[in-house]
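Encoded as structure tokens, the structure appears first; notes follow it.
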């Protein structure tokens, strides 16, 4: 059985099979946001089927949310999964990316209206590299003093960092304009037949984000297979041993932090392009925690796992919202004179919480883990401490 | 910077800061106890606190008090508060124990990696918060007026209300009681032993599972008491009330040195004071910002907090 599984592993398939599988997968992903395509996807159930698409929200928007969360998970996976640094405030870097794009491309930005730093709004495409660069800088600036802290102390400092960014964003009279936010954020360039390609429809953004993800996966994969990646894994496994073996741990930790931050910022720039409106309410701490659970649910230390996790944390709650529609479940129930909302829409995060607990109990390595890490965790099981 | 404002209202800021700090300290103890024994950030602890705030509200409902009723006589008010403390503390402790049994114990049996615990903690937090959100239709609930709002005494501008006195007195009593329990009793010695070295403690005959359950119960008790006074202080509660407070309390625990009981008390007190002074200095918008800056700055110079780590080693 295990021999067969070994043979069927994608990496063990012959090259042509692997490439055609990959190409098929890509075609599927690019077709996915089209209504004529996703309408037919579902779990067969007798004569009917349970649709896999989402009914409450437009499928393309849901898919776009999935893509930028996946991008965030990819970034956080470098920090948590490879280098083993617990970062609870990853969404802060996303905020940096999003705000840089908003400030530079919106005609309403205070850089134009109050400070006169800019003559006119910049194009989105110019703002993106600046957004990424500044997120990277934010990562270095945060990492430089704090990466000497270990484990849980680092966690609280990163968490504080994300909260600080949110508080700065919340100030009404400051440059970021608080809850009122920055409207009319620039869109990516390009037009089809006179119509701008990127406006409010989420579909083109999904395709763009998909291309960005493919690029990011390629870069990160090469990085983790290089000396840098080996250094990260060494630090994750045992920081002191790595240092003694001559790995400059601080420098590589800073690298991991900066690269993760840059990918997070990139995700923010994409999101800002589509959202068209950036304000402080998006950057709540819950989102940082959601991304972290995406990485660990999918399987820390594995790129495919991070992608799977990022997809599931958005898709499961959204899909659960649709399930009630499909089965015609009652939305409310009245007990003892008071009415309670029991629709999957309102309970979706509770159900998601249960899913997190159950998965972690039965698969603590995540759904699609790194093979070496999974083996280590399997090994740990045999070393259950005394008194348990 | 508004130094004049700080100097002018310094006494008042100190009093409110100490009151807020007392609540932080009580919640921080829950984080610190669990961390000291399990090396685990119990993210769901903020929800333990949240459940406590609703339990207190429920108790006052049984007394026929709600946000629209007249202020009751002082005797009834004290009785209602006492009843709420008991009910909220027991409820919170039960929830904390439930979290330990359902979310953490199965992972320990499988010797899961530390990050898996973090995720189940987040999961448990989601479940509790969302269920509470659904049950309460996500709206805020007003708290009945209980203690008189007239200052109890006023010495040189230090006006202190009965609520503040009760909060601080009860918090100190709880802190001293917990410290005594951990330092002097047999069960407390078990807690310190497991914190110091779980495996050796288990080999020496300490029932580790029972100690861990006890630690969660103690943390829950403290959070329940804090919940009652947070209700009274803020005048309302909501399903997500635990989130920010939990974050602050956790910061307080880290500030004082996580895993260290007296550190949690000191950290809570300091955080409450820093916040209040900062809101006078920079405006209340920047209150939380300054609190986090102070935390990060402190960790730069004392990476293990003010009083250092460890429940067992530093003798609390």
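Every residue gets a Cβ built from N, Cα and C, even glycine.
Over in TrEMBL, the protein carries these features:
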TRANSMEM  B:22-41  transmembrane segment
TRANSMEM  B:48-65  transmembrane segment
TRANSMEM  B:77-103  transmembrane segment
TRANSMEM  B:115-135  transmembrane segment
TRANSMEM  B:155-182  transmembrane segment
TRANSMEM  B:211-229  transmembrane segment
TRANSMEM  B:241-258  transmembrane segment
TRANSMEM  B:265-283  transmembrane segment
TRANSMEM  B:289-308  transmembrane segment
As a test: from B:22-41, B:77-103, B:115-135, B:289-308, pick the stretch that has the greatest number of Cβ pairs under 8 Å with the transmembrane segment (B:211-229).
B:77-103
Might you confirm whether the transmembrane segment (B:22-41) is in contact with the transmembrane segment (B:265-283), defined here as three or more C-beta pairs under 8 A between residues 6 or more apart in sequence?
yes
How about long-range neighbours of the transmembrane segment (B:22-41): same chain, 6 or more residues beyond its ends, C-beta under 8 Å?
48-49, 96, 104, 114, 117-118, 121, 167-168, 171-172, 174-175, 178, 191, 194-195, 198, 211-212, 215-216, 218-220, 222-223, 225-226, 229-230, 233, 245-246, 248-250, 252-253, 256, 258-261, 263-265, 267-269, 271-272, 310-312
Should anything in the same chain at least six residues away from the transmembrane segment (B:115-135) have a Cβ under 8 Å from its Cβ atoms, list it; otherwise answer none.
38, 40-44, 46-48, 50-51, 54, 95, 99, 102-104, 107, 239-240, 242-243
Could you tell me what the rest of the chain brings near the transmembrane segment (B:289-308), counting residues at least six beyond its ends with Cβ under 8 Å?
248, 251, 254-258, 260, 262-263, 266-267, 270-271, 274-275, 278, 281-282, 314
So what's near the transmembrane segment (B:48-65) in sequence-distant terms, Cβ-Cβ under 8 Å and 6+ beyond its ends?
27, 30, 72, 76, 79-80, 83-85, 87-89, 91-92, 95-96, 99, 128-129, 132, 136, 141, 143-144, 146, 219-220, 223-228, 230-231, 237, 239-242, 245-246, 249
Non-local residues, at least 6 beyond the ends, that sit with Cβ under 8 Å of the transmembrane segment (B:77-103):
30, 42, 44-45, 47-49, 51-53, 55-56, 58-60, 62-63, 65, 71, 120-121, 123-124, 128, 146-147, 166, 170, 212-213, 216-225, 227-228, 231-232
